[in-house]
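According to TrEMBL:
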- A:HIS273, A:HIS277, A:GLU303: Zn(2+) binding site (BINDING)
- A:GLU274: active site, proton donor/acceptor (ACT_SITE)
2 protein chains.
Amino acid sequence: MKNDGQFADSALNELSSLLKRPHLFLTITELLGWDEQVYLPPGGAEHRAEQLSALAEAAHAAVSDPRIGEQLAALESPEAFEKLTAPGRAIIRCARRDYDRATKLPAEFVREKAAQTSRAYHAWAAAREKSDFASYAPMLEKNIELVRREAAHLGHGGTGAEAYDYMIDQHDPGMNAAVTEKLFGELKAGLAPLVRRITESPVKARPDLLRGFPVEKQHAFLRDVTERIGFDYNHGRIDISIHPFCSGTGDDIRMTTRYDENNPLDSLFSAIHEAGHGIYEQGLTAGVRHTALGQAAGMGVHESQSRLWENQVARSRGFWRWFEPRFRAAFPEQMRAISPDEFYLAVNAVQPTLIRVDADEVTYNLHIILRFELEKKLFSGELAIADLPRAWNAASRELLGLEPQNDREGVLQDVHWSAASFGYFPSYCIGNMVAAQLWYSALAERPALEDDFARGDFSWMLKWLREKIHSQGKQHDTLELVRHATGGELSPKWLLRYLEERYAPLYLK
Amino acid sequence: MKNDGQFADSALNELSSLLKRPHLFLTITELLGWDEQVYLPPGGAEHRAEQLSALAEAAHAAVSDPRIGEQLAALESPEAFEKLTAPGRAIIRCARRDYDRATKLPAEFVREKAAQTSRAYHAWAAAREKSDFASYAPMLEKNIELVRREAAHLGHGGTGAEAYDYMIDQHDPGMNAAVTEKLFGELKAGLAPLVRRITESPVKARPDLLRGFPVEKQHAFLRDVTERIGFDYNHGRIDISIHPFCSGTGDDIRMTTRYDENNPLDSLFSAIHEAGHGIYEQGLTAGVRHTALGQAAGMGVHESQSRLWENQVARSRGFWRWFEPRFRAAFPEQMRAISPDEFYLAVNAVQPTLIRVDADEVTYNLHIILRFELEKKLFSGELAIADLPRAWNAASRELLGLEPQNDREGVLQDVHWSAASFGYFPSYCIGNMVAAQLWYSALAERPALEDDFARGDFSWMLKWLREKIHSQGKQHDTLELVRHATGGELSPKWLLRYLEERYAPLYLK
């Protein structure tokens, strides 16, 4: 890799050049992962695993290149650091985090974690099949202990509470359990009554009335929608996979959706959600995607971008003023008996469910709060693993008004913990809060924003996000970025206001 | 990579383990190449080039790992080598070839060659556009000189003739210009009269009568055909690209075709051709694909597998006895006015053309002989580069009875020489000769082979190729493998006999 000469400081240039290789291996790994979900023939799975293992080795060698350590040490000296601008410092901060993670975890620990999480995954899958939490409990215990040791290796302290803070910070730089708890507490207090009022309302959405939508026409429609809101198909594509996802770098984004003839809104909103992720990546500064200047700020902020397009924008009246006539033109037969009110209500269906991935945007947050509260107690020791199913069911009754009939539709429903992925769930809800706060900030600047949408014009919204969020890369932590973009502290009040303003007129008239 | 413990000899095991990594990087590179042709969004091209460059670096480091050199040196000592079985010796022979190629070419030379062939490619494309050979001639001269130096670096002598032998051997181990010249001379002598008789025949094939074949139905049909002859879709897939190709390893073969509603036989025979390559790769021994035991014997043999399925099998009467009714059932309207004789003649259309890639299987060989004779003279110095267009046109008139009106439809039509890929064209024709020789060997064992095809049964043919060719990997050189599989020396007489037997009854009744 040759020195790309982008920075005035020559040591920074050298560091930037060294960071290119690990970034390329990462994007190659992502492409192979995408291919695995989308096009890999079944018999190629074992060979793919070998390819990924060879790539992981090459990526690890690249990210732990001792020359990176040397450049970092030089740049972190007080004299050198002082001379750097804020972007330079951000590059160093992020590179240090990645380098430490690559070099401070003993190889033996990395191997142990890989083997343990693989075992835990299979134990979870088997336990879920039989709805039998007890058989999986020892694996969960080991996973929590692994994370505690990982946090200790990286200098974040070895207590459970410290380990949980470390995990949250991994996903959302700068966040921790205490900040999250305060935000989620306020959100819960405001959200519970709204959900109760909607659930008790006689108004019921009927998305099940939408039936018989041919897949090819669904595809053409959602491609038009995602392109119009700003996804650049010159630097990306959409394919089909069982679970929708978005991967790749802004130069080449691979997103997916799935199709069901009797559930066109699922394909469409999945695609808009993934397009939101893709639009963010495409908006990160090109040419520096291997440094903090061209990387996403964190998981919560990433989720804010997918959610903002999916929810605030694509479930709005303005959006459908433009797209409903087009939807009806594409599906005249299927839409004949559906009134505009019925259709808009189906777009904004709310119905509490036990399963997180099936949840609407109102109750979704309660699923996350439930998981956060349990994770936190597991790590602090307030909750024993054996008591987890009981605690889960009680929280589900309290928050969602629904009690799982078995572990499969309760504590065993999600895969994340089996991968030792703790502190990940909160990002989803942080993303929802950030999205709503960005939405009202944008509205303050352009009150008639929905009139743009009604004309099929999303360019102001996109430009605003490009400036406030995308162009910032990973230069700020989550809370700083929200401050920078909105001028205020992150608060759940915007999400509560948004949900009230959107859903009360529909369900509580 | 852990030692895979497949061989009794521990040094051989160690070598085999070391060969795994370069093989994996090669298959990753192939996957990225496939994706580039099939799914890459246009704006991702530059990023893809960077990914490929990082992979090339990692692959080069893996293939030139000094531990491979150490193991090779130890295994090549007379005492050690003597103890090895033939397969072990083949592994070492091939590994030595790859290791020398990776380590003996100076880095400076490799860079120079990459830069020069890139320049030559662009010069060729521009010259072809303007049909102006003179502007490209200096690049061709440099490419020939590069190849001479490459051969010298690798110990094959520095004369032009030695360099050309080296290039032929690169593609077909054990072959050289003298052997090729003798084979091609005999072939030319027999082929020229047959082509003349066909061209002068009043019988004319009318593939242009096949019009309006919907792409989806073409796809379904060719998928059925390729699966039935033996392509394993559990370990491979077929997609669409501008130029059909086949890549990947037997665990995961990616082949492509292209569709034209008014040329269904092109899609079909392209797919069968690529499936023939894929069936070969899938038949190579799994688990040792990183060694000579599980690798293809060479380009000519590879081409023999694609050609045998495409031509001897899929243009036979037996084949169409099974498939014609199915083709008519899939395309009743389109086939209504086409008689069985017209259809079979369209499947076996012969029509001399100036352009190699458009040629039928009879005249195709003349295109190759033309290129071989010119390449040989360029390297020996008998032909000056400036005289190449004139020599090309004269040869075209002599061999094909057609004279190019410009360089674009003459000497500039093919890309290969711009990539310094000399000695590559002969493989196509060697493949045709090997295919025909295998065909008559198989027929000698099972005279009623076409009756199998007429029942839609290709299993005996596949099993025979698995045993005679696929399971042999790269243990023999091209001529040895032909001897092993057919019991005779490679000869053009089988190809001449096949073409006579297939085409004389159609055109010369």
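Each Cβ is built from the backbone N, Cα and C atoms, and glycine gets one as well.
TrEMBL annotations: computationally assigned, not manually curated.
A map of TrEMBL features onto the structure.
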residue  : record                             : CB count, 10 Å
A:HIS273 : Zn(2+) binding site                : 23
A:GLU274 : active site, proton donor/acceptor : 26
A:HIS277 : Zn(2+) binding site                : 24
A:GLU303 : Zn(2+) binding site                : 26
Measuring Cα to Cα, tell me the gap between A:GLU303 (Zn(2+) binding site) and the residue listed as 'active site, proton donor/acceptor' in whole angstrom. 10
Other than A:HIS273, A:HIS277, A:GLU303 themselves, what residues in this chain have Cβ atoms within 8 Å of the centroid of the Zn(2+) site's Cβ atoms? A:CYS246, A:GLU274, A:GLY276, A:HIS302, A:GLN305, A:SER306, A:ARG307, A:GLU310, A:GLY431
